[in-house]
Amino acid sequence: MGPHSTDEVPEAKEEIRSLSSSHRHTANLPYIHKVGVPPKQNLFKEFKTTVKETFFADDPLRSFKDQSKSRKFILGIQAIFPILEWGRGYNLTKFKGDLIAGLTIASLCIPQDIGYAKLANLDPQYGLYSSFVPPLIYAFMGSSRDIAIGPVAVVSLLLGRLLQAEIDPTKNPAEYLRLAFTATFFAGITQATLGFFRLGFLIDFLSHAAIVGFMGGAAITIALQQLKGFLGIKNFTKKTDIISVMHSVWGSVHHGWNWQTLVIGATFLGFLLFAKYIGKKNKKFFWVPAIAPLISVVLSTFFVYITRADKKGVQIVKHIDKGINPSSASQIYFSGVYLLKGFKIGVVAGMIALTEAVAIGRTFASMKDYQLDGNKEMVALGAMNIVGSMTSCYVATGSFSRSAVNYMAGCKTAVSNIVMSCVVFLTLEFITPLFKYTPNAILASIIISAVIGLIDYDAAILIWKIDKFDFVACMGAFFGVVFASVEIGLLIAVSISFAKILLQVTRPRTAILGRLPRTTVYRNIQQYPEATKIPGLLIVRVDSAIYFSNSNYVKERYGSLLPSVIIFKIFNRLMNF
């Protein structure tokens, strides 16, 4: 069995040769190195070492060693609230960048929040509430400089779908709202628990391919759901699969569509897509697609108001409660039949929100070359959703579109979230009555233009070129969401991800190595055709740890190529460690 490095290949060569030759020939081999046996440990020490390597590989308490009690207290507070650490070096230059970025993402988030709340079957103000309190909490506890916090399309749709399966939001709006707060509370508990106990590696089991497929399917589903507001249809299916939605759309084509609504929606959707095109064409105009939604809302609202198009069948927002978040702590179900239901919904929504936020945070952290503590992120996200559930918010997380705008607008720190939150506060206090005549069609257009970016064609094509099994996972999640439901798509994504893990563990990739001409370098003979095998010697590289679940596979794969006595001795030695 030959490893990767060129220094160890001769060792493997000598080891195999020593196994196959008699003891009288061993003396003639000048370079024989025995494999050292690790020192034996008692059961407690071995268990302690394993736990430490699994959960505390980065040694999170190393900065506390050899420090005074007062210093340890300060370091502990800074660990919980990173703003106290980086805030000491904050200056006016950084604030200018954060101010511009905060104002830019605020102009994007306000119309989005109103639309996303409708996806969750909630009144518009709850979307705005969720962009006021959670960003403030995150700014103090989060470690990402670029992530923008608020409601997102995928989580809103998922939450609305799961909640609607338990309570009808039309017949029992009060109970539905209470269940939404309960689910948000347990979503926060789930996220904070994963971070506190350093279990963040669990979200890595959902492969990138499955996430790409799930997000793409969710984008299609969200866009289809917006046809209700885009076309002015009153009687619309509550199902999310493409067949039911298209049947509902075409079934009402003669009597359910409103042409005025369609004109408004199509006109402003074209404007939004054109603004996106300008932003992609020239990065200097990143602010154009950012403010386009707010411009669309202002213009469409003004148009509906002066023409009184609402009298001709154009559906409008009608009313948004004025004022900041009221307390909702007493509305959370801590007992009764809805407790378990809220817990189940919260765990699912919390995990999806966490996956999206961590992916966004890691992406921008790598672009700006700084370290992101995944466990701290989870605690911060969990804390903001727990507090949010008690202040009339539903599940909030990092937004792809807002974070990208935040990054391009030149944000320096999480203060941009504070600026955005302040703008939302002013909107709730003074501006919400102006949204009364905002047409639902413009909200549908904003959401459609926003979710188009979630369909990552390039990533799907790259996955197909690299790994066909990953592509199956991607398409399985995609078609599961589009043709069944968000829950089914999520279940397929998780199932295929776990299936791939098991397959790779039990059937590891192997390669026969050969020596490159005029070198001592050994490489895979399939990747390097000029590499030649050594006569009488088989060097095999196994791209995985060898243990009980895959040892027979490797033995069966290469057993016919080596004398059985050599295979037996090699595997006996390997399995004894």
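The backbone N, Cα and C atoms fix where each Cβ goes, and this holds for glycine too.
Per TrEMBL, these features apply:
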type	residues	note
TRANSMEM	176-197	transmembrane segment
TRANSMEM	209-227	transmembrane segment
TRANSMEM	257-278	transmembrane segment
TRANSMEM	285-306	transmembrane segment
TRANSMEM	345-365	transmembrane segment
TRANSMEM	377-397	transmembrane segment
TRANSMEM	417-435	transmembrane segment
TRANSMEM	442-464	transmembrane segment
TRANSMEM	476-499	transmembrane segment
DOMAIN	527-570	domain 'STAS'
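The transmembrane segment (442-464) makes contact with the transmembrane segment (209-227): 3 or more of their CB pairs lie within 8 A, with pairs spaced 6 or more apart in sequence. Of the recorded ranges 176-197, 257-278, 285-306, 345-365, 417-435, the transmembrane segment (377-397) has the largest number of C-beta contacts under 8 angstroms with 176-197. Residues of the same chain lying 6 or more positions beyond the ends of the transmembrane segment (209-227) and with a Cβ under 8 Å from any Cβ of it are 119, 153-154, 157-158, 233, 236, 240-242, 245-246, 249, 355, 359, 444-445, 447-448, 451-456, 459-460, 463, 467, 470-471, 473-482, 486, 489-490, 493-494, 496-497. Among residues of the same chain six or more beyond the transmembrane segment (476-499), those with a C-beta under 8 A of the stretch's C-beta atoms are 157-158, 161-162, 205-207, 210-214, 216-218, 220-221, 239-243, 348, 352.
By the Cβ criterion (distance under 8 Å, sequence gap of 6 or more), the transmembrane segment (345-365) is not counted as touching the transmembrane segment (257-278), fewer than 3 such pairs being found.
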